[in-house]
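A.B. asks: One structure, as structure tokens, below. Some questions next.
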Amino acid sequence: MSCGAIPYYFCFPSISNSDKFPYPKLSPSSGINFAIRCSTSSPGLPVTTERLRSDTPLTGGAFDFERATTSLTKKVLDSPKKVTLVRHGLSSWNEENRVQGSSNLSVLSEKGAMQAERCKMALADMHFDQCFASPISRAKTTAEIIWQGKEEPLFFLDSLKEAHLYFLEGMKNEDAKRIYPKEYTTWREDPSNFCVDGVYPLEKLWGRAHVAWKEILLTPGEQFLVVTHKSILRALICTALGLGPERFRSVDINNGGLCVFKFNKEGEAMLHSLNMTAHMYTDHIYHY
């Protein structure tokens, strides 16, 4: 069995009681058409091809996301953007179960370096115009491994540094919980209300996330790679989606995990992928 291809505009049957059948009213002027083909004997003939506006092919993805979120730049961008976010590989303090924060004393471990190599291989077929990274050691080293051999620039942004956790940094979690039970429990269970000497670290973090997004999105280019830490990644994701610090623990990103955002020219975001980790366990190569 095979079916020929007949391109046509959307059309719907005329029904006397239209209230029972709320078909959308579309016409050729809408620029929407489908070319539908089917075949069980001709492998070269596609099963279904759909096109919407300007001959843009659809594969079940979102048609548009205008005004789905608030502009992060308040300025029109030079082009739509795609931003891939990467969490650094496993660090020495990850392995020792210590509170990390903004300290530069936690370095990329041997396993973390292997994870960074996996990220490099997984992204080998992707082109990025630039890479932005935190200057803190564990993220800096991860970025340098991923970016090795590329001619495009690698920039280190202070706005991508990890959250500052004051006296908790460097402490083993069990010790921090024992010595500073109130502060540690607040950080773990109610982080937006974690406060040290009148300073709320997550408020600071959210502010830096907004700064980071502007620095990244207002840079010429269309595809960017960002390598940084889990807390600032959570802030980047939440600010892009219009979520406040109270939603800090609503998302999680593993070491070496990848997240992808698309931005329209208004600077509005759509989350495309969250915490992709297939490359940590297989030789998966991304082609998104």
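The backbone N, Cα and C atoms fix where each Cβ goes, and this holds for glycine too.
OK, TrEMBL features for this one:
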- HIS88: active site, tele-phosphohistidine intermediate (ACT_SITE)
- GLU162: active site, proton donor/acceptor (ACT_SITE)
- ARG87, HIS88, GLY89, LEU90, SER91, SER92, TRP93, ASN94, ARG138: substrate binding site (BINDING)
A.B. asks: So the record assigns ARG87, HIS88, GLY89, LEU90, SER91, SER92, TRP93, ASN94, ARG138 to substrate. If I measure every Cα pair among those residues, what is the longest distance in angstrom, as a whole number?
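C.D. replies: It comes out at 15 Å between the most distant Cα atoms.
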A.B. asks: Within 8 Å of the centroid of the Cβ atoms of ARG87, HIS88, GLY89, LEU90, SER91, SER92, TRP93, ASN94, ARG138, which other residues of that chain place their own Cβ, given that this set defines the recorded substrate site?
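C.D. replies: The answer, listed by sequence position, is GLU95, GLN100, SER106, VAL107, LEU108, SER109, GLY112, THR142, ASN255.
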A.B. asks: In sequence order, which same-chain residues at least six apart have a C-beta under 8 angstroms from the residue listed as 'active site, tele-phosphohistidine intermediate'?
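C.D. replies: The list for the residue listed as 'active site, tele-phosphohistidine intermediate' reads LEU108, GLY112, ALA116, SER134, ARG138, ALA139, THR141, THR142, VAL227, THR228, HIS229, ASN255, GLY256, given in order along the sequence.
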A.B. asks: When the Cα of the residue listed as 'active site, proton donor/acceptor' is compared with the Cα of each of the binding-site residues ARG87, GLY89, SER91, TRP93, which one is closest?
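C.D. replies: Closest by Cα distance to the residue listed as 'active site, proton donor/acceptor' among the binding-site residues ARG87, GLY89, SER91, TRP93: ARG87.
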A.B. asks: Residues with Cβ closer than 8 Å to the Cβ of SER91 (substrate binding site), same chain and 6+ apart in sequence?
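C.D. replies: Long-range Cβ contacts: GLN100, SER106, VAL107, LEU108, SER109, GLY112, ARG138, ASN255.
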A.B. asks: Relative to the Cβ of TRP93 (substrate binding site), which residues of the same chain, six or more apart in sequence, are found under 8 Å away?
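C.D. replies: Non-local contacts for TRP93 (substrate binding site): VAL99, GLN100, SER103, LEU105, SER106, GLY170.
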A.B. asks: Among the binding-site residues ARG87, ARG138, point out the residue whose Cβ has the most other Cβ atoms within 10 Å, with all shown protein chains included in the count.
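C.D. replies: Selected residue: ARG138.
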A.B. asks: Inside 10 Å of the Cβ of GLY89 (substrate binding site), count up the other Cβ atoms and send me the figure.
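C.D. replies: For GLY89 (substrate binding site), the count of other Cβ atoms within 10 Å is 28.
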A.B. asks: Measure the Cβ-based neighbour count of the residue listed as 'active site, proton donor/acceptor', defined as the other Cβ atoms within 10 Å of its Cβ.
C.D. replies: 25
